[in-house]
Every structure is written in structure tokens, then in C-alpha cells.
Amino acid sequence: MGLLLLVLILTPLLAAYRHPDFPLLEKAQQLLQSTGSPYSTNCWLCTSSSTETPGTAYPASPREWTSIEAELHISYQWDPNLKGLMTPANSLLSTVKQDFPDIRQKPPIFGPIFTNINLMGKAPICVTAKRKNGTNVGTLPSTVCNVTFTVDPNQQTYQTYTHNQFRHQPRFPKPPNITFPQGTLLDKSTQFCQGRPSSCRTRNFWFRPADYNQCLQIPNLSSPAEWVLLDQTRNSLFWENKTKGANQSQTPCIQVLAGMTIATSYLGISPVSEFFGTSLTPLFHFHISTCLKTQGAFYICGQSIHQCLPTNWTGTCTIGYVTPDIFIAPGNLSLPIPIYGNSQLPRARRAIHFIPLLAGLGILAGTGTGIAGITKASFTYSQLSKEIAKNIDTMAKTLTTVQEQIDSLAAVVLQNRRGLDMLTAAQGGICLALDEKCCFWVNQSGKVQDNIRQLLNQASSLRERATQGWLNWEGTWKWFSWVLPFIGPLVSLLLLLLFGPCLLNLITQFVSSRLQAIKLQTNGAGCRPRNIQESPF
């Protein structure tokens, strides 16, 4: 009876417990089921704890290149020779700001998020930029790219204004040029490159085409029914299904290819009027970086993973998804239970043949060439990558908080320094008055320290749970998964032992009563006198 109560108490608690890897494993199981993999049931799903290879990259399909949305981050820099021209330059900048509300957004966090990432499969599209003095983000080998677009390394884009054109919206006179191997693309006359309806015309006016241009079909990424088309006017990719009508899905405001090429460009605002003269020296420069707006998608550049590409980036990149290493083992294998404790104790290693998740899916062959048959699998796979993106966002918020606090405190310190210099102007400033070196002390905010303290507490909690032996929940869950199949039969046997004697006694009494009743009926029939009258002849 005590064991039954223990099972009834622990079962809801253990059912509510969720291992930290459960979201990823659940998404992996959904992915296996959606692709009809033979490993969707009766198998082991294992995650790797190795830090040498933090994950695997999976390239996006050609159709996803037409649907994943990008965004631009704009900052500007004044020309150092603006002495005496700040007033008209500010007037011009205020006009531009009204037409471009994204100016001076909070800059994204650049740099590789992960390194030593392995790209599985062949990327359908890659983009190469070779800029002088550019920021190298990583380079994919040409052998893993099906089609490679190269951004013109020598192009510089300028925007010229007259005094009467200040009220007009700025845009690129021409898009950044991209080149590709001769004979790679085919001219196609189609209605899809004339421009689809877009809800962001007034916001992203730099992408308005100056005139209509025919599309170029990418043959080795297309099929007879589905085309992948390139519009060189806007550096945009379109997907067209020839078996359907013209009213197909709209494309994003800023596509990945457009954002990647724009981020390699240079834009300067150069007013030309009787006030400024005819010089084409830009008054200020725009620095444009690009990020992927679709959560879970990343730039894959060599073995590095990026959320954003900086201004004037250089390298060879594609887009795709990232997941931690998840392996599959057949369900008939007996896996050893990991034991937490002294990590220095030797552990016996068993030769277990693990299958990578992507190999178990059987969809790698279709990513680099075709565009059909993997839509559902790719969508489910992207959910795995979103789990990583959420963790990255959390780290990014902490780093952003650090940057904001440093900027805020630096402004306060500089303001106080100016005030002290004014009070001690007669002595030549505070530094000369004290006859000391000018030093600054920036006191870090407690908000940042609280975030770091929480991270440390979480890490400490994980270490404690890993060293508590079999009493910790994580270890309990691991051995409980082995015991779980035996709980049902054990509970059934326990119930049988508890209520079996009672049931047996009831059955015995019922049988005895029925036998007694039959016996009484038989005895009564034998003692009754016969009432038979003989008929006379």
C-alpha cells in the first residue's frame, strides 16, 4: 500500500518535470514524424555535450530565399570638413529623417555567434563580397555552393540633391551590381518581375525600381513547374509556380539578397545648389548593415554563424538554420545510464552507432538543387533553430544593457568634467588645478551585475544538481525512464494482491450460494407426491 501511494504522489511531479533539452528533442521528434522517417518511433534521441562542435547548420531551400525577410540598420557620419555648414546640413538631415525613420536605430550586435559549425548539404545560393578594408565574416568554399552571386567590389553609390529636391525621398540611382558565371542564368519574360504588391513602399523607398527589367531564371534551381527568378533591378528573388495563377504569395519588403548587397554599398548625401556650390563631396555618409528579421534564420559564413552582417562586409555567405547536434540510435540498443558524480572516475565506453539527425531525415539531397518536397520538413526544422535564437536574444539583451549603461554613464562623467572645467577655468581646468592626470571612473550599474549574478546562480544550480547523485531531479528522470515501463505491470500486480482475496471470497460465496439453491430445488422435486390418475378401460 505504501508503494502505491508513493507512485501516485511521484507520478504527477515527474510528469511535470521537463528536462532542459526537452523542447529541442520534441521538435526533433516532430521533424522525424513530418518526414515519415523510420526513426520517428522506437528510437533514442541524444544531444551532444561537446563544446568543440556546438551545432550543425542546415542550408535554406531556394524557395526560402524568396520568403525570409531581412531588415536594414542605418547610421550616419558627418563629413569632417563641415566647418561652417552645420546649419544647412542639419536641415538636410532632418528632411531625410522624415523620409527614412530607420536612421540611427540601435545598432545590432555583430560578430560570430557560433564557430566550428558544420554545414550539412549543399547551399543552393551563396553571396560573395570582396571589399577593400572590409570586415571579414567568413568564407564558404565554392564546392558547397550551387549558385554564387558576386557583389561588384568597386562600386560606390552616391545620391545627389538640388535645393528644390530636399523634400523628395532618397533612393539608390541604381542597385549594387551582382555578377554570376556566364551562362548560369536565362532570360525569362514573366509578369512576376514587374513588381508585386508591397506594404512597405513608403518605408523602404530605396528599393523602388527605376524601370522594368526582365527576370533571369536560375535553371539549376528550377523545375518545369517551379521557377526561381532574379530581378536585377532590385536584387530580389521570386518564386513562381507555373501551374498556378498570377495572384501568388507576396514577397517580403526586403529580401535576403537585397539586404546583403545593400550592406556592401556606400551611400553619401551630396546637395548641389548655389549655397553649397557644385562640389560632390558628401555632407554625411550612410552606413548600412543588414540582419535577418525571420527568427531562427542565420547567415552561415564559413564555419561562423551571424545574426547580422556589418557595413562593408566581405566573405562568402549563405542563409540557413542552426541546431545543436542531435543523434539517433535505434530503440533496440541498450544505452548506458549516465552517472553524475566524480568526473575523474573512469567510465566504460560502449561502441554505439549514432545516426545524425539529418541523415535520419533523408532530406539533405533536396536542399541544394530542388525546391519541392521539403517544405514541411524545413519548417519544422526551423523550429529547432528558434530555440537557439531565443537564447541568443537573451544574451544580446544583457550585452545591450551593458552598452547602454556605459554610454549613459560616460555622458554623465563628461558633463561633470565640463562643469568642473568651467568652475576652474581660471586655473586652466580641473586637471591643471589638481596638477594630475585626467582620469575617469565609470561605476558599473547594478542592473548589469544583477543579470550576471542570475547567470552565475543558474550555472551554480546546474552544477549542484549534477553532483547530488540519484536524489537530483535530472538524475532521477534518467533512471526513472528505465523504470517507467515496469510501473504499469507493478501497479496491476499490487492491485491484484490487495483486492484479489476479496474478489476470490466474493466469487466463492456466489458459487456456493448458487450450488446450495440448485441442491434445494433438487431435493424438493424428489419428495413431492405423484398425482397421477389412471384412466379406466
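Keep in mind that glycine also has a Cβ here, set from the backbone N, Cα and C atoms.
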To which of the residue ranges 74-90, 329-345, 414-430 does Swiss-Prot assign the term motif 'CKS-17'? 414-430
Given the glycosylation sites ASN133, ASN146, ASN220, ASN241, ASN312, tell me which ones have a C-alpha lying within 10 Å of the C-alpha of ASN177 (N-linked glycosylation site). none
ASN133 (N-linked glycosylation site): which of the glycosylation sites ASN146, ASN220, ASN312 is the nearest Cα neighbour? ASN312
CA pair ASN312 (N-linked glycosylation site) / ASN146 (N-linked glycosylation site), Å rounded to integer, equals 24
If you count the other CB atoms within 10 A of the CB of ASN133 (N-linked glycosylation site), including all protein chains displayed, you should get 6
Whole-number answer please: how many Å between the C-alpha atoms of ASN241 (N-linked glycosylation site) and ASN220 (N-linked glycosylation site)? 16
